[in-house]
Amino acid sequence: MRLDVITIFPEYLEPLRHALLGKAIEKGILEVGVHNLRDWATDVHKSVDDTPYGGGPGMVMKPTVWGPALDDVAEGKSVGWQLDSAQPHVDKPRRDDLTGRSFEGYEGEAGDKPLLIVPTPAGRPFTQEMARRWSNEDHIVFACGRYEGIDQRVVEDAANRYRVEEVSIGDYVLIGGEVAVLVMAEAITRLIPGVLGNASSHEEDSFSDGLLEGPSYTKPREWRGLEVPDVLLSGNHKLVEEWRREQSLQRTRERRPDLLRQE
Ligand code: ADE
């Protein structure tokens with residue numbers, strides 16, 4: 001998979017080089033290009049925004065800068081700042097890598113048309129289901145808006161050529177789309193086969209069966225006077241499964257009753 005991010009703060013995307021994503025870059029499963037929107041600004045001040053029509057506070061990002069930037073990045077005419085992995089990992093497989101599946105190639109959904117994702121608090125809510133679907137894409141372009149957003153015609157125009165999704169990561173307002181891209185990129189890429197060492201570790205994630213994941217425990221058996229639940233030491237897989245399911249349901253009822261009503 002290739003991810004391209006267009007932003008006025010390229011350094012914000014540096015964390016994508018680290019940890020699991022850095023490892024995916026190193027394995028050749030993932031490529032990440034970061035592009036500075038100002039490279040497409042044409043005036044001496046390199047301005048990317050202007051006052052909104054109709055008045056009001058804040059600034060709106062200009063279509064005349066975003067249009068050419070998106071076209072160049074979507075068509076692969078700009079490679080941008082190609083992120084490399086922050087640290088070498090391949091010589092040191094983690095314990096869960098040893099049981100992992102290997103990378104089996106891409107199964108993109110729409111040929112050579114990239115998926116364009118525009119993070120905005122006014123978008124559709126990002127979900128695990130979207131992350132799962134988009135983990136099959138070959139090429140995703142993220143367009144990070146700042147200020148009061150991007151001139152809406154940029155999205156309208158792009159929709160004539162690409163598949164476009166305006167997406168929110170939650171009911172709160174960030175300063176811009178960069179952090180939302182970090183969130184979505186991590187949620188999407190961890191589901192690409194070969195990125196997580198142990199494939200079954202995401203099959204049991206919260207949300208993958210519509211419920212929150214229950215609590216987990218490791219050694220020691222007793223810590224600061226707190227015991228690991230007996231059932232987990234019983235060796236009875238059926239009982240353990242039943243207990244985990246009940247814990248999941250209980251947690252979901254308490255914390256996210258809306259998830260149960262959706263079923
Ligand atoms: N940009 C600003 N706030 C955002 C949010 N909640 N989700 C996605 N992009 C954003």
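Each residue, glycine too, has its Cβ placed from N, Cα and C.
For 1-76, 112-261, the entry in TrEMBL reads domain 'tRNA methyltransferase TRMD/TRM10-type'. Annotation source TrEMBL lists S-adenosyl-L-methionine binding site at G145, I169, G170, D171, Y172, V173, L174.
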Original post:
Where ligand 1 binds, which of the binding-site residues G145, G170, D171, V173 are close by, with Cβ under 6 Å?
Top reply: G170, V173
Subject >> S-adenosyl-L-methionine site span - longest C-alpha distance across G145, I169, G170, D171, Y172, V173, L174, in Å >> reply: 17
Subject >> Site of maximum Cβ density within 10 Å, from binding-site residues G145, G170 >> reply: G145
**OP:** Could you please provide the mean pLDDT value for the domain 'tRNA methyltransferase TRMD/TRM10-type' (1-76)?
**Re:** 96
Subject >> Number of Cβ atoms other than its own within 10 Å, given for D171 (S-adenosyl-L-methionine binding site) >> reply: 7
